[in-house]
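Pulled from Swiss-Prot, these are the features on record:
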- 59-224: domain 'Alphavirus-like MT' (DOMAIN)
- 504-540: region 'Disordered' (REGION)
- 625-644: region 'Disordered' (REGION)
- 635-791: domain '(+)RNA virus helicase ATP-binding' (DOMAIN)
- G665, A666, G667, G668, S669, G670, K671, S672: ATP binding site (BINDING)
- 792-925: domain '(+)RNA virus helicase C-terminal' (DOMAIN)
- 1164-1271: domain 'RdRp catalytic' (DOMAIN)
Amino acid sequence: MSNVRNVFSQLTDPSLKAVIQDEAYRVLKRELAQTRHTNPFAQSPEAADALEALGINSHPYAITSHTHAAAKAIESDLYEVVSHYLPKENPVSFLFMKPAKLRFFHRGPTHGDHFLNAHVEPKDVPRYPQETIINRLADIPTQIAFMGDTLHFLSPSFLTALFAHSPRLQTLYATLVLPPEPSTSRSLYPQIYTLTYSEDGFMYIPGGHAGASYFHKYDQLEWLTVGHLTAPGCPTVTAQRLETKGANHLFIFQRGNYITPERRTFATNDQYVTVPHIFLPENYNCRTPISKTTMMQMFFYIKSGKEAQREGHLGQVQQLISTKELQHYQPSEITLLVNYFEFTATLDSHTCFEDVPPKLAPKTTPAPPLGISRILQFFRGRPSFVKLIKALDWQPITLEFPVRDVRTTVRGPPGFKNPFTQPQPVNPEDADISSRFQDFSRATNSTPKPTVEAVLEASAESPDHHTQLKVLCSALSEGQLEAIHALGHSRCGGPLLPELTAKSTPVEQCPDLPPCPTKSQASPASSNPSGPDAQPTAQNPETLPWVAWLPKLNALGFEALEVQHDPSTGEMIMPITDTQELPRATLPAHWQGHNLERILSTLRSLNRFPTPWSPDRTRARAFTSDVKNSRTGKALHRESQTWKETQTMLTENTQTELAISVIHGAGGSGKSQALQTLLRQDHSLPIEVVLPTNELRLDWLKKLPHNPPEQFRTFERAFVSSHSPVVIFDDYGKLPQGYLEAFALTHANLELVILTGDPRQSTHHESNEEALISKLPPATTIYSAFSRYYINATLRNSKFLANKLGVYSANSCPLNVTYGFQPLPGLHLLVPSLMKKAAFTDAGHKVSSYAGCQGITAPKVQILLDNDTTMCTKEVLYTALSRAVDSIHFVNTNAQSSAFWEKLEATPYLKTFLSLVREDKITEFQAPADAPKPVTPPVTHFPVEEPATTLDDFKEELRDKFDREIFTSDRGHTNCVQTDDPTTQLFSHQQAKDEALLWEMIRARLKISTPEANIEEFRAKKDLGDILWVNYHRAMGLPKEQPDFSEDLWNRCAEEVQNTYLKKTMAQLKGGERRQSPDFHEHQILIFLKSQWVKKMEKLGAKEIKPGQTIASFQQHAVMLYGTMARYMRRFRDALSPNNIMINCEKTPQDLSRWVLNYWDFSKPSYANDFTAFDQSQDGAMLQFEILKAKYFNLPEWVIEGYLDIKLSPKIFLGTLSIMRLTGEGPTFDANTECNIAYTHTRFDIPEGTAQIYAGDDCAIAQVCPEKPSFALLKNRIALQAKPAYTPQERGQWAEFCGYLITPKGLIKDPLKLHASLELAKAQKKAGVRDAITNVVANYSLDAKLAYSLGDDLQDLLSPHQAHLHQVTVRDLVKFGGSPFLNSD
């Protein structure tokens, strides 16, 4: 290795070093990819070192956490080892294994493997899919089987019975998890697992995490030493260990009597020893195994010191034993160990024997008799040296055991107790599911089919007879299977468990290409077109040549049920052409992960599965050479010379094979639609998009506005900056020749290339004739061989235009072709040369060249015909002609010259559009005359009305003050009716100082409960919350995939909440000082009575005063935290909500008016609604709905738990409140609004697209919708009580929303409400309130302006009474100085 290192150190060329590093990185990348597959978790340094000693690599940049990551890595690694033993062609039976783990064995659905599982423990119910459950292992259908981490819990007789009753089974591979060191009282791999002991067994705790631990009995350790298993009359089974890593072992059990090693060792690199028993009694000797290294260090220490001291020995032991290992020792053991060293330190290290070899003994020294020395030792005792040698006779812990034979008894086939044979306790939350299960079971009693229990009992294991392997699923209805599955899931964790899967999942074969459509397959009617002008004809789908492709065409948006013909040739146009079968690419193992598998699934659904591709180094070298010598490109040649030389050397020396998927199709065929949908749904996918032009990049950004901009790069920037394993090259034909190959060879991280383009359109043209790439064939020619089929259909162009180009079209709009002699202003102009492009651009036109217009789509384009047109290729002309949707304007400066007709003859497409005859004169295009300008009607005004009678009807029904006030015996009357003025008495004045009203508000609005009762209610109504959430999810059009949590958006929302709070005045901030204190408990709430004038029309002049509204003052930190939560979800809601649903949040009346004009339907009666006691009615069902909504947006768990805690335990001075909404919470408005939406859509069957508007407890719908039949079963459990209002939507009767009327001209303020409010201000002014008018005139004038600005249109909107109120109000506002606001823009 040193020689190789020396050679590398002598290399000085940076380009050569870059190539070597690139090659090393390619090897490293493959190894890291494999590591990510088997060990994707973040490991501690100690655990990573321990795994590496076992031959398992750890990913250095992994961030995925796991409670027992190291143990999981060993488990996955043993699966990887097993995969090399399993056959690649034949199926294998997997026992006690989840199908999801099949990826660790490098196997998939195509292998047809069998999964045989049983519900033994409760956690097995959600773990194993229902279709894999059996209740006896009687006949394994394959020769080879695998059992994962289960055999150590079973008896040896299970194994012999398994082989005895499965004659086809020859080999069983099994992994066991049994630590071999229980006798040593400590874990050999504390970084991976720990052990605890009891009298009858021990606990195995992977990663020290108690949640993953399980219990072993000591007799289960016998599995580590089993060699042969025999039973009377049964074949012998031979066991042999294949691999051991820590506590995980891989065994093979083979039918037959084979030789197996007589001993097995489980020793590690670290040697452990125990000290001999030198003290009496024996239990006062140290028994703890200690590292031999530590013992040797301690021995040298005690023998190298001058004098033995107990304190010194104890301190040295403390230094040698690390802090982490101290937990494995008892103080008594340490004390005994120190005594041992203290004793051995006193013993003499010098030999006491005088015997020496004869050659070394002096001749004059007589040899003492050996027998005499032994006799003297017997009487005098052993010398100190002999005692020392005996004390140093440490006993090693070898972990080596003899292999033994095991004899078992004869038993029936392995089986498992049926969990349905005895009743099980059901939680209250399971009531609905249990009810469904019982209903399904009862439903089958009236049919010949047996019930669930009967079927399971019939298939239960019997000791003397065995009939079947699996439960007969045909005896169970789909509903029963679903009920069983749901019942099991609900008992083991709820909605996070996997869903019920189908009985069988069809396996899609790749390349999955339907038969190539041929013209000979057409019916006689479709194969004989009537001529060039034949119109498309409807066809029976079964007779279409492309019937096998209809699902794919439908997915792209084509019905494809009619036959279309090329008008120039009369031939049928096929929507799918150029089909070919291609081999499938073999992708790295880590592609079985979730994100990368989604990409493959998308390509598989398109029949575009990747195929192998080896980049052409000749084309790559041509491109990098041109870049190096500045012969091409605008930006790459500005890179450093060293970088350019490195790229050139990489293309010369690198060889690689990648996966490529080529998507070819006509313009507007939806080539990129599925890819854009994939990127839109998941922004985190490791995909980059490379575009040939910045215009195309901006187009992608416009279609995917929420994706990060750096995901889309132009081709030169991508060549320098790209690092993704998957790259999409859109419109790749416009990339320089050789670019794709150079990109693939210089980017070692690239694994999958996706190309989208159209070989029939123009390709990149290199204007520099000196460039090497100018001599290369177009990329579309090369990569057409990698395209499985061509989509010869378009959604863009008119059928009459597309058919002339030989393309199938789904757009039936008529084609409009016009001619002229000069360009029309405002239309996109296409010209054949760059010179003409520059000239017309300078003249003020929007211009593109024929070749440069690729990617542009416009309803109408104009095409310039000149002498350069004849030099354009058919691909360039096709590109230009296919830009228009349904209208083309040809521009020719000399239409009658012979050159013009030569142009038509020289090009293959133009003649199909220009139906001209030489002798006929071309009809010149004449623009239609401008429409006459509308005459502005004369300005009129409403007639002057007498204001004195506007509120007389309300005043006449007024009762006396004390007849209206609320009376209580302990606090007397409330004080809401004030002054003697009848106008003022119409409005209830609620004041915070009114103690009688405060207590009446508490009695009516608040309900005292306990935390336990709140929890019980929350649990009891969870099912209702689930229903509300499902309806809300559907109504708001939320995607199925949950959006990832955005830390950046959360921080911005928190800043907005904080800034809003800091905008308060100093007095307001000081007023909230108490709840800002850290001593103010987060559950504590201060309750106040809201001071207000009640101006609701239904309470105007009310006969009885109603209780006031509450104001709740929460801890300020909690308000800001959950205000941030509400604002965060609001941002997502605003981005995802459908256009027909408007939420009046951060919107102006003008915004609402624009929305009404676009979406509201006034042709039907409308529905509006308010609620009775809306806040108090939001009980446990609404709380569950809020929790599910927060979880959907992936809010941090601590935020959700904190919000739930506050809602369940809110405390006021009277005690704990029940679950309800309180004004003053952070998310009050958003939560009210969303609960309103959820309730409305749960109650009503609202057609899709119906206009709806919501704000808190107010809502309005553009039509009256029928109530869902299911709501009759729910309404008695939902506390909300609606107050619906129906209006016919005609003059004077419009839907009301938040004090506004929704009219065909937009929103206007309710004239009665506005007039009444102004009358109150006038009465207050009269009563002596100096600023009563001044404070409101601006706001009231702006409210009135909504109607005032409509002018005479109000005559069509307002009833006579409303018009009267409007005129009086405007007249008063003008008197009070409101004219500037009424006439403002």
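Heads up, residue numbers simply count up from 1 along the chain you see.
Every residue gets a Cβ built from N, Cα and C, even glycine.
When pLDDT values are averaged over the domain 'RdRp catalytic' (1164-1271), the model yields 90.
Cβ environment of G668 (ATP binding site): T794, L795, R796, N797, T857, S882 lie under 8 Å away, each six or more residues apart in the same chain. Counting other CB atoms no more than 10 Å from each candidate's CB, the binding-site residues G667, G670 peak at G667.
For the region 'Disordered' (625-644), the DSSP-based tally of helix, strand and coil residues reads 11 helix, 0 strand, 9 coil. Neighbours of the ATP site: apart from G665, A666, G667, G668, S669, G670, K671, S672, residues of the same chain with C-beta atoms within 8 angstroms of the site's C-beta centroid are D758, I791, T794, L795, R796. K671 (ATP binding site) counts 22 other C-beta atoms within 10 Å of its own C-beta, drawing on all protein chains shown.
Under DSSP, the residues of the domain 'RdRp catalytic' (1164-1271) split into helix, strand and coil as follows: 44 helix, 22 strand, 42 coil.
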